[in-house]
Amino acid sequence: MIAAANCLETEKAKLRREIAELQAALNAKEQNLRDLQSRTAASHLDPEADLQHATREQYATLNNDDIARYSRQLILSDFGVSGQLKLKNSAVLIVGLGGLGCPAAQYLCSAGCGNLGLVDYDEVERSNLHRQTLHTVARCGMSKTESARIALLELNPHCRITCYPRLLNSSNAMHIMRAYDIVLDCSDNVATRYLLNDACTMLRKPLVSGSALKLDGQLTVYSYGAQGPCYRCIYPVPPPPEAVTNCGDGGVLGAVTGTIGAMQALEAIKIIIGLGDVLAGRMLIFDGSSCQFRNIKIRSKRPNCHVCSAQPLITGLIDYELFCGMNANDKDNAVKLLEPEERINVLDYQRLMKTKAHLLLDVRAPAEFEICQLPDSINVPLAHVLDDSYLQRFAQQLESKELPIFVVCRRGNDSQIAVQHMRTRLPEHSIRDLEGGLHAWTNQVDQSFPIY
């Protein structure tokens, strides 16, 4: 009886703590909402207000606060007062306030860039916080541009910040970008890269392009100088959608995005003040696993480039989602490879798993399988499933061809690839995909199941 009472007290204490944590989170959300409502009411914003550019002032001198704040870079012989004034009078547009955009914005703002434009359509999520260092737990659910603006003004209240909380596209890109001297591509999708490249080339603005995935990063500057290539000179044709991996699928270490994002800020500063050798016509490749940097030469301008050549074929912005065959965002695109009868929804599977003998294959990588898994699932990574010799050995070990096989992955994309391949190689077996994957399981069946 005493032990049971102690267990009950422990459980009650745990529930009280959870309630307190939820109440604190709710209070923070309500405060964020009040802040946003008060700012909106104060400024009488109209629906297109986020497309109105901040007025750019030109400064001829530094004030005492500038001298005190930027003293450590002012004393650099290659920087000095003239360099600081160029920064103060500059305007930089950052597209994407994620793992690259946050450190880039942070260092540009701290260095004294006078005007920053922030473009991002998304809201802050918990999965962002390990690498997107301007955002906080309290600001989860807030627009990324607004969250970044709050953090940046705490760093440097003298920086003019204009937020564009929307998806950059062919209809608004030229209007937004025209007001800025330099554009930083901190996006995580191919369609936006082509859009930014074409717009920067047409507007004759340098494009500082960074990317990071897993433990690797890349950095270069496009559309800079007479011989500097544009993105299309290097990649005239977009890759097939199935060959593209983003951070959501492949993963990334926060310190890697921080490294590349900080160096994007450095390249922007160099361009603004005319310092050093700008990374145009070259690409910096960072290998985080060995902490090595390599600097490789890339091709010069392509004489027949469709955008930057003397006689371009593309003279206006196009439909980049159509051109690339993928969405202009970093969200995972749901693939549709299977017929409805080749799939099962998670609610039907939940009922079946308790009553019918079957085999559940999880085709995620071992590192992901270790994070969480459904009961009695077997980890067979997708690479193994696509290996015909492995698949034949697997089939030989099955007790019966009558045993139904279900396949699951994180979001229901890789599992479709696996099922499609398995059904052609093992036609005598009943093989179906778990529609929506583990994300659907969390959303529809068990909300306590971890989501990542």
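Each Cβ is built from the backbone N, Cα and C atoms, and glycine gets one as well.
Here the structure is a predicted model, which means the values were calculated and not measured.
Swiss-Prot has this to say about the protein:
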- Gly99, Asp120, Ser127, Asn128, Leu129, His130, Arg131, Lys144, Asp188, Asn189: ATP binding site (BINDING)
- Cys230, Cys233, Cys305, Cys308: Zn(2+) binding site (BINDING)
- Cys247: active site, glycyl thioester intermediate (ACT_SITE)
- 354-450: domain 'Rhodanese' (DOMAIN)
- Cys409: active site, cysteine persulfide intermediate (ACT_SITE)
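Note: the CA-CA distance between Ser127 (ATP binding site) and Cys247 (active site, glycyl thioester intermediate) rounds to 11 Å. Candidate recorded positions: Cys233, Cys305, Cys409. Fewest other C-beta atoms within 10 angstroms, Cys305.
The full span of the recorded ATP binding residues, Gly99, Asp120, Ser127, Asn128, Leu129, His130, Arg131, Lys144, Asp188, Asn189, taken as their largest Cα to Cα distance, is 20 Å. Every protein chain shown contributes to the tally, and the Cβ of Asp188 (ATP binding site) ends up with 24 other Cβ atoms within 10 Å. According to DSSP, Cys247 (active site, glycyl thioester intermediate) sits within a helical segment. Comparing C-alpha positions, Cys230 (Zn(2+) binding site) sits nearest to Asp188 among the recorded positions Gly99, Leu129, Asp188, Cys247. The Cα atom of Cys308 (Zn(2+) binding site) lies nearest to that of Asp188, taking the recorded positions Asp188, Cys247, Cys409 as the candidates. Nearest by CA distance to the residue listed as 'active site, cysteine persulfide intermediate', out of the recorded positions Gly99, Leu129, Cys233, Cys247, Cys305, is Cys247. For the Zn(2+) site, the Cβ centre of Cys230, Cys233, Cys305, Cys308 serves as reference, and the other residues of the chain with Cβ at most 8 Å from it are Asn197, Thr201, Tyr222, Ser223, Pro229, Tyr231, Arg232, Lys301, Arg302, His306, Val307, Ser309.
A 10 Å cutoff on Cβ-Cβ distances gives the residue listed as 'active site, glycyl thioester intermediate' a total of 21 other Cβ atoms nearby, all chains included. A straight line from the CA of the residue listed as 'active site, glycyl thioester intermediate' to the CA of Gly99 (ATP binding site) spans 10 Å. The binding-site residues in question are Leu129, Cys230, Cys308, and the one with the fewest Cβ neighbours inside 10 Å is Leu129.
The local packing around Ser127 (ATP binding site), expressed as other Cβ atoms within 10 Å of its Cβ over all shown chains, amounts to 13. Around the Cβ of Arg131 (ATP binding site), the same chain contributes Gly98, Gly99, Cys102, Val252, Leu253, Gly254, Thr257, Gly258, each under 8 angstroms and 6 or more positions distant in sequence.
Over all protein chains present, the Cβ of Gly99 (ATP binding site) has 28 other Cβ atoms lying within 10 Å. Per-residue pLDDT, averaged along the domain 'Rhodanese' (354-450), amounts to 95 for this model.
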